[in-house]
Amino acid sequence: CAAALFDQHVPAERALHEPQLYKYTLHARCYRMWSYWINIFDAIWQSTVIFFIAYYTYENHADIDALVFGFSLAFSMTITSMIHVVLQTTRINIPLISSILLSFLIFLGFTLIFDGTCFECLNGQSPYYVSYIAFRQGIFWFTNLFTIIIAMLPRFVAKCIYNSTRNPLLRNNQQNNISSSTQDTHL
(Lines of atoms letter the chains of each structure in order from A and count residues from 1; the text may use other names and numbers.)
(Lines give C-alpha, C1' and ligand atoms only; values in the text may rest on other atoms or scores of the structure.)
Protein backbone atom coordinates (compact mmCIF):
# COMPACT_ATOMS: atom_id res chain seq x y z
CA CYS A 1 0.00 0.00 0.00
CA ALA A 2 2.72 2.47 0.93
CA ALA A 3 4.49 2.17 -2.38
CA ALA A 4 1.46 2.10 -4.68
CA LEU A 5 3.33 4.50 -6.92
CA PHE A 6 5.34 1.55 -8.21
CA ASP A 7 2.35 -0.73 -8.85
CA GLN A 8 1.32 -1.49 -12.40
CA HIS A 9 -2.18 -1.06 -13.78
CA VAL A 10 -4.34 -4.11 -14.22
CA PRO A 11 -6.03 -4.58 -17.61
CA ALA A 12 -9.75 -3.73 -17.56
CA GLU A 13 -10.82 -7.28 -18.38
CA ARG A 14 -8.88 -8.73 -15.46
CA ALA A 15 -10.16 -6.01 -13.10
CA LEU A 16 -13.74 -6.90 -14.04
CA HIS A 17 -13.13 -10.60 -13.41
CA GLU A 18 -11.11 -10.05 -10.22
CA PRO A 19 -12.62 -7.08 -8.33
CA GLN A 20 -10.83 -8.12 -5.13
CA LEU A 21 -7.68 -6.59 -6.61
CA TYR A 22 -9.14 -3.12 -6.08
CA LYS A 23 -11.49 -3.80 -3.18
CA TYR A 24 -8.59 -4.01 -0.72
CA THR A 25 -7.36 -0.45 -1.32
CA LEU A 26 -10.75 1.00 -2.28
CA HIS A 27 -12.02 0.52 1.27
CA ALA A 28 -8.70 1.71 2.77
CA ARG A 29 -8.04 -1.66 4.36
CA CYS A 30 -4.31 -1.15 4.11
CA TYR A 31 -4.46 2.23 5.91
CA ARG A 32 -5.40 1.43 9.49
CA MET A 33 -4.40 3.07 12.76
CA TRP A 34 -2.47 -0.01 13.84
CA SER A 35 -0.39 0.11 10.65
CA TYR A 36 0.45 3.75 11.43
CA TRP A 37 1.75 2.78 14.87
CA ILE A 38 3.67 -0.17 13.48
CA ASN A 39 5.43 2.20 11.07
CA ILE A 40 6.17 4.65 13.90
CA PHE A 41 7.65 1.91 16.10
CA ASP A 42 9.63 0.58 13.14
CA ALA A 43 11.02 4.06 12.48
CA ILE A 44 11.99 4.42 16.14
CA TRP A 45 13.63 0.97 16.02
CA GLN A 46 15.59 1.78 12.86
CA SER A 47 16.74 5.17 14.17
CA THR A 48 17.80 3.72 17.50
CA VAL A 49 19.69 0.84 15.91
CA ILE A 50 21.44 3.06 13.37
CA PHE A 51 22.58 5.54 16.00
CA PHE A 52 23.54 3.30 18.90
CA ILE A 53 25.33 0.56 16.97
CA ALA A 54 27.52 3.19 15.31
CA TYR A 55 27.95 5.07 18.59
CA TYR A 56 29.08 2.06 20.61
CA THR A 57 31.25 0.79 17.76
CA TYR A 58 33.11 4.06 17.31
CA GLU A 59 33.25 5.34 20.91
CA ASN A 60 36.62 3.76 21.73
CA HIS A 61 38.34 4.44 18.40
CA ALA A 62 40.60 7.47 18.62
CA ASP A 63 41.05 7.64 14.83
CA ILE A 64 37.28 8.11 14.25
CA ASP A 65 36.06 11.67 14.62
CA ALA A 66 32.56 13.17 14.62
CA LEU A 67 32.55 13.64 10.84
CA VAL A 68 33.31 9.97 10.11
CA PHE A 69 30.67 9.01 12.69
CA GLY A 70 28.15 11.31 10.99
CA PHE A 71 29.02 9.98 7.55
CA SER A 72 28.54 6.43 8.81
CA LEU A 73 25.08 7.39 10.09
CA ALA A 74 24.15 9.06 6.80
CA PHE A 75 25.38 6.05 4.82
CA SER A 76 23.38 3.62 6.99
CA MET A 77 20.24 5.76 6.77
CA THR A 78 20.48 6.05 3.00
CA ILE A 79 20.93 2.32 2.41
CA THR A 80 18.25 1.45 4.98
CA SER A 81 15.72 3.74 3.31
CA MET A 82 16.46 2.20 -0.09
CA ILE A 83 16.01 -1.32 1.26
CA HIS A 84 12.83 -0.14 2.96
CA VAL A 85 11.42 0.92 -0.42
CA VAL A 86 12.25 -2.48 -1.88
CA LEU A 87 10.52 -4.28 1.00
CA GLN A 88 7.40 -2.12 0.70
CA THR A 89 7.06 -2.51 -3.05
CA THR A 90 4.62 -5.03 -4.43
CA ARG A 91 6.54 -5.60 -7.66
CA ILE A 92 10.26 -5.25 -8.09
CA ASN A 93 10.94 -4.20 -11.66
CA ILE A 94 13.63 -2.53 -13.76
CA PRO A 95 12.45 1.08 -13.20
CA LEU A 96 12.42 0.56 -9.43
CA ILE A 97 15.88 -0.99 -9.33
CA SER A 98 17.17 1.68 -11.72
CA SER A 99 15.82 4.51 -9.58
CA ILE A 100 17.32 3.02 -6.42
CA LEU A 101 20.70 2.50 -8.08
CA LEU A 102 20.58 6.01 -9.54
CA SER A 103 19.75 7.45 -6.11
CA PHE A 104 22.64 5.56 -4.56
CA LEU A 105 25.06 6.66 -7.29
CA ILE A 106 23.97 10.29 -6.91
CA PHE A 107 24.44 10.06 -3.13
CA LEU A 108 27.84 8.45 -3.56
CA GLY A 109 28.93 10.81 -6.34
CA PHE A 110 27.90 13.94 -4.45
CA THR A 111 29.58 12.70 -1.29
CA LEU A 112 32.85 11.87 -3.02
CA ILE A 113 32.93 15.12 -5.01
CA PHE A 114 31.99 17.26 -2.01
CA ASP A 115 34.45 15.52 0.31
CA GLY A 116 37.22 15.68 -2.29
CA THR A 117 36.84 19.38 -3.11
CA CYS A 118 35.55 21.10 0.02
CA PHE A 119 38.56 22.33 1.98
CA GLU A 120 36.85 24.99 4.09
CA CYS A 121 33.23 25.02 2.97
CA LEU A 122 31.74 24.92 6.45
CA ASN A 123 32.63 26.65 9.68
CA GLY A 124 34.32 24.34 12.16
CA GLN A 125 35.80 21.04 11.05
CA SER A 126 36.48 20.54 7.39
CA PRO A 127 34.70 17.57 5.79
CA TYR A 128 37.62 17.19 3.39
CA TYR A 129 38.30 13.50 2.63
CA VAL A 130 35.93 12.16 5.31
CA SER A 131 34.26 9.60 3.03
CA TYR A 132 37.60 8.57 1.56
CA ILE A 133 38.92 7.87 5.05
CA ALA A 134 35.76 6.02 6.08
CA PHE A 135 35.65 3.84 2.96
CA ARG A 136 39.19 2.60 3.67
CA GLN A 137 38.30 1.35 7.15
CA GLY A 138 36.98 -2.15 7.62
CA ILE A 139 35.13 -1.11 10.75
CA PHE A 140 33.03 1.29 8.65
CA TRP A 141 31.86 -1.50 6.33
CA PHE A 142 31.29 -4.01 9.13
CA THR A 143 29.36 -1.48 11.22
CA ASN A 144 27.16 -0.42 8.33
CA LEU A 145 26.45 -3.97 7.19
CA PHE A 146 25.59 -5.06 10.73
CA THR A 147 23.50 -1.93 11.34
CA ILE A 148 21.50 -2.29 8.14
CA ILE A 149 20.75 -5.98 8.81
CA ILE A 150 19.66 -5.37 12.41
CA ALA A 151 17.64 -2.26 11.48
CA MET A 152 15.74 -4.01 8.69
CA LEU A 153 15.33 -7.43 10.33
CA PRO A 154 11.97 -6.77 12.08
CA ARG A 155 10.43 -5.26 8.93
CA PHE A 156 11.73 -8.13 6.80
CA VAL A 157 10.44 -10.82 9.17
CA ALA A 158 7.06 -9.09 9.51
CA LYS A 159 6.78 -8.77 5.74
CA CYS A 160 7.62 -12.46 5.25
CA ILE A 161 5.04 -13.53 7.84
CA TYR A 162 2.40 -11.21 6.39
CA ASN A 163 2.98 -12.34 2.82
CA SER A 164 2.81 -16.00 3.75
CA THR A 165 -0.21 -15.84 6.07
CA ARG A 166 -2.33 -12.71 5.76
CA ASN A 167 -1.88 -11.15 2.34
CA PRO A 168 -5.46 -10.73 1.09
CA LEU A 169 -4.52 -10.89 -2.59
CA LEU A 170 -2.58 -14.10 -2.05
CA ARG A 171 -5.46 -15.53 -0.01
CA ASN A 172 -7.99 -14.64 -2.74
CA ASN A 173 -5.81 -16.25 -5.40
CA GLN A 174 -5.49 -19.40 -3.30
CA GLN A 175 -9.27 -19.51 -2.76
CA ASN A 176 -9.83 -19.06 -6.49
CA ASN A 177 -7.39 -21.87 -7.24
CA ILE A 178 -9.09 -24.15 -4.71
CA SER A 179 -12.56 -23.42 -6.07
CA SER A 180 -11.43 -23.92 -9.67
CA SER A 181 -9.69 -27.19 -8.79
CA THR A 182 -12.82 -28.49 -7.03
CA GLN A 183 -14.90 -27.49 -10.04
CA ASP A 184 -12.54 -29.44 -12.28
CA THR A 185 -12.94 -32.56 -10.16
CA HIS A 186 -16.74 -32.33 -10.30
CA LEU A 187 -16.72 -32.24 -14.10
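Here the Cβ of each residue, glycine as well, is placed from N, Cα and C on the backbone.
Curation does not apply to TrEMBL; its annotations are automatic.
Some features that TrEMBL has for this protein:
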- 3-164: domain 'P-type ATPase C-terminal' (DOMAIN)
- 36-58: transmembrane segment (TRANSMEM)
- 64-87: transmembrane segment (TRANSMEM)
- 94-114: transmembrane segment (TRANSMEM)
- 134-157: transmembrane segment (TRANSMEM)
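The transmembrane segment (36-58) is in contact with the transmembrane segment (134-157), judged by 3+ CB-CB distances under 8 Å for residue pairs 6 or more apart in sequence. Nonlocal intrachain contacts for the transmembrane segment (134-157), taken as residues 6+ away from its ends with a CB within less than 8 angstroms of a stretch CB, comprise 42, 45-46, 49-50, 53-54, 57-58, 61, 64, 68, 71-72, 75-76, 79-80, 83-84, 87. Beyond the ends of the transmembrane segment (94-114), by six or more residues, the same chain brings 6, 71, 78-79, 82, 85-86, 121, 127, 131-132 to within a C-beta distance below 8 angstroms of the stretch. Across the domain 'P-type ATPase C-terminal' (3-164), the model assigns an average pLDDT of 86.
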